[in-house]
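What TrEMBL records for this protein:
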| type | residues | note |
| --- | --- | --- |
| BINDING | Gly156, Glu157, Ser158, Gly159, Ala160, Gly161, Lys162, Thr163 | ATP binding site |
| COILED | 876-942 | coiled coil |
| COILED | 972-1089 | coiled coil |
| DOMAIN | 8-57 | domain 'Myosin N-terminal SH3-like' |
| DOMAIN | 62-731 | domain 'Myosin motor' |
| DOMAIN | 1181-1497 | domain 'Dilute' |
| REGION | 613-635 | region 'Actin-binding' |
Amino acid sequence: MGTPVNITLGSHVWVEDPELAWIDGEVTEIKGTNATILTANEKTIVASISSIYPKDTEAPPAGVDDMTKLAYLHEPGVLHNLACRFSLNEIYTYTGNILIAVNPFQRLPHLYSVHMMEQYKGAAFGELSPHLFAVADTSYRAMINEARSQSILVSGESGAGKTETTKMLMRYLAFMGGRSDTEGRSVEQQVLESNPVLEAFGNAKTVKNNNSSRFGKFVEIQFDKRGKISGAAIRTYLLERSRVCQVSDPERNYHCFYMLCAAPPEEVKKFKLGDPRTFHYLNQTNCYEVSNVDDAREYMETRNAMDIVGIGQEAQDAIFRVVAAILHLGNVNFIKGEDADSSKLRDDKSRYHLQTAAELLMCNEKMLEDSLCKRVIVTPDGNITKPLDPESAALNRDALAKTVYSRLFDWIVDKINSSIGQDPNATSLIGVLDIYGFESFKINSFEQLCINLTNEKLQQHFNQHVFKMEQEEYTREEIDWSYVEFVDNQDVLDLIEKKPGGIIALLDEACMFPKSTHETFAQKMYQTYKGHKRFSKPKLARTAFTVNHYAGDVTYSAEFFLDKNKDYVVAEHQALLDASKCSFVANLFPPLAEDASKQSKFSSIGTRFKQQLQALMETLNTTEPHYIRCVKPNTVLKPGIFENDNVLNQLRCGGVLEAIRISCAGYPTKRAFDEFLDRFVMLAADVPEGSDEKSACASICDKMGLKGYQIGKTKIFLRAGQMAELDARRTEVLAGATRHIQRQIRTYLTRKEFLGQKKATIYMQKLWRAQLARKLYQHMRREAASICIQKNIRADRARKCFTNLKASATVIQSGLRSMDARNKHRHRRRTKAAIIVQRELRRYQAHKAYSQYKKATLALQCLWRAKVARKELKNLKMAARETGALKEAKDKLEKRVEELTWRLELEKHQKVDLEEAKAQEIANLQNTLTGLQEKLDEAHAAIIREKEAAKLAIEQAPPVIKEVPVVDNTQLELLSSQNKELEVEVEKLKGKIEEFETICSALEIDSKASLTEAEDAKAKAIQLQEVIERLHTNLSDLESENQVLRQQALAASTSAEESGHLNSLKDRVAILESENESLRRQTAAEEKTVPPEEVFGSAKNLENGHQTEEIQATKEPRNPVIVLAKQRSLTDRQQESHDVLMTCLTDERRFDNGRSVAAWIVYKALLQWRSFEAEKTNIFDRIVHKIRSSIEKSQDDTMELTYWLTTSSTLLYLLQSTLKFSNTNKAASGRNRSSRTTLFGRLVQGMQPSAVGLEKTSGYSGMVGISNDQEMVEAKYPALLFKQHLAAYVEKTYGMIRDNLKKEINPLLNLCIHAPRPTRPRTLRDVTKSIHLSTTAKQQTSYVQWQNIINKLEHTLTFMAENHVPSMITRKLFHQVFSYINVQLFNSLLLRRECCSFSNGEYLKMGLHELEQWCLKAEDEAARSPWDELQHIRQAVKFLVLHQKTQKSLEEITKEICPVLSITQVYRIGTMFWDDKYGTQGLSPEVIKQMRKLMTEDSVNMTYPSFLLDVDSSIPFSVEEVSQSFHGETISLSDVDPPPILRQRSDFHFLFPDIA
C-alpha cells in the first residue's frame, strides 16, 4: 500500500489500535524511526514511522462515493471512508468499478423503489450515487450493446446480505428486461421461491452464521434478441458433501435432517424417526437447535415451497424418505465377523436401522447388507467377493450416504430449473454468482481448504479483472505502464491444486493406500513443501499445517482429511438402488455403462471439487465480470454498529484490500489537472506565467523532486507515497503563510493593546479626581443627614403618641361596625332565601306552561300535516284516475297483491294465535297433571306414614297380645282410580295437540301457495309495465322521424329542381302519419292483449339515426319499389353530407372569436340531424376515426396537436352542456361505464349540464338559450360513447403535448443540473483567478441552457395561444411541466454528490432566476402561476448557498429554510454537501444526529419514505373542469360564418340564420 513518507511534526496520521483497528492522531514528537502520536481518544502512542499512514484532513466528512478518489488509498483510509458513509446510511461505495455493499440490518425501502430503478435506467456508471442498480444496469447495457454475456459476482461472508443483494439484482434485471410470466409468476419470483427449498437441503449452521450456504449458486437470467427475459436457470457448485457424515462442534448438519425430525407426529412415525440425538450423523456435535428458528415450522414452509416450485406430494414424500433413510444408514454399525478382515452388523439395533433404511429406499435388505459389508472385485478370471473390515464397512456406508444425498440435491436443482423454464435459444445471459466467502476458524478442516481454494480462484479472476481495468485506464490516458507488476496468487493455487505435487494430489494419493493415516499424510506434506514460501508448519504440531492465503494465514488440521476426501462410487450401490421398487430412488441412480458397472472406482471429493470449480471458472471466463462485495458491519446483526476489526477482516477476505494493493503497485493516486492544481496551486509560485494546466502540474512535480509520476491526457498519475510528499510540502507552505499571517495579526493586536492601555490610563486619572470630589461631597451629606435624623426622631415620638390614641378609637369603632354588619348579613340571608324560593316556583310554573304550549303546537302541526297529506293524496288519486285502463289494471293487480299479502298476514296471525292457544292449553293441562301428581305423592306419603305408625304401635304393644294383621285397601284403590282418570285425560290432550298441528301445517301450505301466487302476479305486472314503456318509446321514435322528414321537405322547397321529390316526401309524410295513427290504436289495443315478446319484432333502425317502423297494418301498402328507391336516395344524400362534414372537420382551421369553427359546425350538424337521439349511427365513429388518425399522424407536431386539443375539448364542452341521459340509456351502458377512474370514466359523474350561455337550434332560425332539462336533447347510447371517446382523445392529446415538451427539455435539464468544467487548457493565471472566471462562465452557460428551456416553453405557450386552447388546460399543462422540472432537478441533486456543492448551488440559483424572470414577465397567467411547483429545488438550492450552516438548528432548517422538504431529503442533502468554494463545513454533528434519530423512528414505525420525488403523469382535470373553463365566455353559435364548401350545399342551409 505504499510506505508512508514525510511524516513531520503536526502531521495527522493513522496508527494501529488493538480495539479500533486504526485510530487517527497527531504527531507530537519524532525520534529517529519512531513517532509519538496523540490519538483522538487522548492517548499517547509511540509507533514506528513505517507502520503509520498519513490522513487526509481535507477529505469530506461524509466520505467519497468512489474510494479511488481518496488522496491516500490505504487500509485505514478505506476503513474510515466506509465507516463515515455507513454512519450516514450510505451503504454502497465504489472502488473503481467494484461495488462494496455494507449490510444496514434495517429496512431502507426508498433505495429499491421503482422510481429509483427509473433513475438508474440508462445512467452512466458513476454518474449517480453508488448503487447495485448501477452495476445491474451496466451489465445489462453491456450485454445489449456488446452482445456478450455478463456475470455479477456477489461475495461476502454469511450474513453480509448476499441473498438480498441477489434478489434486488434480479428485480432490476426483470424491470429492464420485461417480465416473462409462467403460471402468473415472473422469472425472478420463481427463482426466489426456490430459495427455501435450496436452503433446506444446502444450508447449515456454522460457527459464524446460523444459515450458511454450503454450496455455490450461479443464477443465469437468460435474454432473447430483444433484450427481454426469456428464461432462467440455477447452477449449483461445490456442495459440501462431507458434512452429511461428519460435523464439527458446534456446527450442525444440513437443515433438512432436523426439520424432518421435528415434523408432525404422523410424518415422524411414517419415517420411523425421533430425537436428533439418537442419530449418528446428527449427534457428532452438541448443537441440535438454532436460536429463533422453529424446525417444525420450517418443515411446513419447505413443504409449501416445494408445492410452489412444482414438486408434487409423491415426490416430496420420496425426497423425505431418502433423507430419513440416510439418517438410518448412519446408525448402522459394524463389528468384526467370524472370518478375518470381515464384518457384520453390531447388534439388533443396527439390524433395525438397516431394515428401516431398506424399507424406505424400497430395496432388498440382504443386498443392502452385502453391499455394505462386502466388495466385489472384477478380475479376468471372474468376480471375487472380498469381505470388508468394520472400518472399511463404515467408510462404505458413509460413501453411500454422501452419494445418495448428492444425487438427491442435484435432482432437486434440476426439478427447480424445469419448473422455472430455460430458454435453449437465449442469445445472452446475465449470471449472478452467490457463493460462500473466505473462511478461517479456530479449527479448520478439509471443508475450509476447499472453500478457500474456491476463493483463491475467484480472487485470481478478480485480480486479473482489476489489473485489466487499470491497464485500460493507463492505455486510455496514454501513459507507460510496462513496468507495473501484477499481483498474482498462482503459487498458492499451485500449492493446493497442482497435479502432481499439490495438496489435493497428495491427499488423493494417501487415500489410495489403505494403511495411510492423517499423520503420514501430514509428514508427506512437511517433506514435500519444506521450502515453499506459502506453506509452513506450526511449532509442536504433528498434523497441522499453515497456508499463506491472499487474505492471511490459515492453519488447517489434517485430521479427518482422508475420511472426508474418500468418495467411492461402488458398483454394488449403483445396482442396488437402480433396482429399487421406488421409481424416484431408481431415477437417482440411472444404469451406468457396462464397463463402468463392472467394478468400483475410487472418486476423490477434492478432485471432483476441482472439476466443478474449473467448470465454474470456465463459465465466468466466457462472461464480462462485475463485482459486488458484501460486508457485514457487526457480528450482533444490529443496525448502526460498525465494528472496525470485523469489517477490516472482511475487506481482506473479500479481496478489496488486494485490489488496493494492485492499484498501489501502479499509480494509486489519479487526479484531474484542475483538481490537482486546485489542491497544490500554492506550490506553483515559480511556474512561468501562461503555462497550461498540464505543464503546471509537471512543473510542480518536478519542483518537488518526484520520480516516476506520469502525465496523462486528462489526469496526473502519482506513485504510492508521492501524494504524501506533496501534502507535506503543501503543509509547509501553508504553515509558512500561516506564520506570516499570525505575525501581522500579533503586531496589530500589540498596537491595539498599547492604545487601549493609554486610553485606560487617562480614564483612571479622571476617575481618581472624581473620587476626591465624591469624598468632599460625602462629608457635606453626613452633616446634613445628622440634622435630618434629629428632626425625624422628634417627629417619631409625637407620631407614636398619636398612633396609640388612634388605635384605641379604631378598636371601639370596629366592634360597633362588626355588630351592625352581622345584623345586615343575617337580614340579607333571609332575603336571598326568599328570592330563591320565589325563583324556583316561577321557573316551575313557566316550565309547566311551556310544556303545555309545546304539546299543543305539536298537535296542531300534526293536524296540519295530516290535512296537507290528505290534500296531496286526493290530488294523487285524481291524477291516478286519469292514467287510463292500464293504470286501473295495474292497480287491480296491486290490490290483488295487497289482498293476497293481507290474507297471508292474516293466516300468519291466525297461525300464531292458534299456536299460542295450543301452548296455553298444553300449559294448563301440564299444570293440572302436576297438581294431580303432587296429590298422588301426598297420598303415597300418607300411606307410608300410616305403615310406620302401625309398626311402631306393634313394637310398643305387650308381648302377650297376639298380632292380627289388618289391611286397609280403600285409600289405595281410590288413588289408583284417580291416576287412571288422569292418564285418560292426558291421552285426550295429546290427540288435541296432534289435531292442532295438522291444521297448522295445512294453513302453512295454503299461505305458501298464496305467497307464490302474489309474487307471480307482481312479476306479470312489472313485465306488462316494461312492454308499455317500450311501446311508448317506439311511438316517440316514429314521431321524431316524421319531424325529420318534415324538416327535410321544408329545406328542399328552396330549390325548384326538387319539386317532384318534395311531392314524394309529402306522400311519405302522409303515409307515416297514417301509420302513426294506426300504431297508436294498435298500441292501445295491445296494452291489454299483446305479450312482451311480440312487441320488439317490428322496430328497425336506420344507420344515420332516422328511425322507421314497418308494422303490418290492415290497409294496403304503397308501391314497395318506389319506397325503397326513395330510402336509398335519402341514405346516399346522408352519406354525402357526412363526407362533406368530415372534410370540413379536417380542413377548416379557422377560429371565430376564439371559437373552433369546425367544432361548431360538427356540433350543429349532429344536433340538426338528431344523431344524439339515434339508437344506431356511424357518424360518431367517423368523427372519432378522423380525430384519431390526425393525432397519430402528428405525434411530434405540437402546433397540430394543440389545434386538435382545442377542437375536441370545445366539442366535448358543447356535448356536456346540451345532452342529457335517460335512465334506460344509463342502464344499457352501465356495464361499459362501471369502472373508470380517469377523465374517460368521470363522464358519467358529470351528466347534469351547466347553466351557461350556450344556444340551441329551434326550427331553422338559429340558436336560442337552453333554459331547463326539458329543452335539452335526451341522448342515446351512441352519443354517450361518442362523448367518452372525445374525453379520451382530449386526455391523449394533452398527454402527447406534455410528453413532447418534457422530451425536449429533458436533455437541457441534464446540462443544467451540474456546473460544467472548463474543457480547454487553463493557464496558471486562470487557476489563480478561477473564482471570478468560473462565476462568469457559469453565468454564461447557465444563461444559454436555461434560455433554451425558456424558448421551448415559450414556443409551446405560443402554439396553445394561437390555437385558443382553454386557459385551464394550458395552466394545468405548465403546472405539470414545472413539476417535472422540479422532480428531475431535485432527484438528480439527491443522487449525485458532485451536484451538492456550493458552486453548483450558485449555478442552479442563477438558472432558476432566469426561469423566474420569464414567469414574471409572461403575459399569460398560465405561465406565471406554475412557479410554486419548483419549491423543492428552490429550497434545496437555498440550502446549498446558505452560509454558516453549522450554526443553524434543526428547527430553523425544517421550518424556515426547507419547510417543504422531508427530514430524509434534508439529511441526504446535508450529508452530501461539500463546499468547493470556501471550504466551510456543512451541518453540525448535533443536527445530523437529531435527523438520524427522527429517521430511525420513522423506519421503526414502517413509515420510512423515499427521498426521491415522483413524476406526476396523471390527467389533472375532469370533464366538469373543461366545461367550467368556458364559463367566462358566452358562446353564441348563430353568428359563426360557415365555410364556402357548406354554402354551396342545400343540406347545410340550417347553418345560415337568414333561412326561415
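Just so you know, glycine gets a Cβ as well, placed from its N, Cα and C.
Taking Cβ-Cβ distances under 8 Å and a sequence gap of 6 or more within the same chain, the neighbours of Ala160 (ATP binding site) are Ala101, Asn103, Gly437, Cys630, Val631, Lys632, Gln650. The ATP site is set by Gly156, Glu157, Ser158, Gly159, Ala160, Gly161, Lys162, Thr163; from the centre of their CB atoms, other residues of the chain with a CB within 8 Å are Asn103, Asn209, Gly437, Cys630, Lys632. Helix, strand and coil residue tallies for the domain 'Myosin N-terminal SH3-like' (8-57), in that order: 3 helix, 30 strand, 17 coil [DSSP]. Gly156 (ATP binding site) has a Cβ environment of 26 other Cβ atoms inside 10 Å.
DSSP labels the residues of the region 'Actin-binding' (613-635) in these numbers: 9 helix, 8 strand, 6 coil. Neighbour count (other Cβ atoms within 10 Å of the Cβ, all protein chains): 21 for Gly161 (ATP binding site).
Sequence-distant neighbours of Thr163 (ATP binding site) (same chain, 6+ residues apart, CB-CB distance under 8 A): Asn195, Asp434.
Cβ crowding, taken as the number of other Cβ atoms within 10 Å, peaks at Lys162 among the binding-site residues Glu157, Ser158, Lys162. Neighbour density for Gly159 (ATP binding site): within 10 A of its CB lie 19 other CB atoms from the protein chains shown.
Mean pLDDT for the coiled coil (876-942) in this predicted model: 78.
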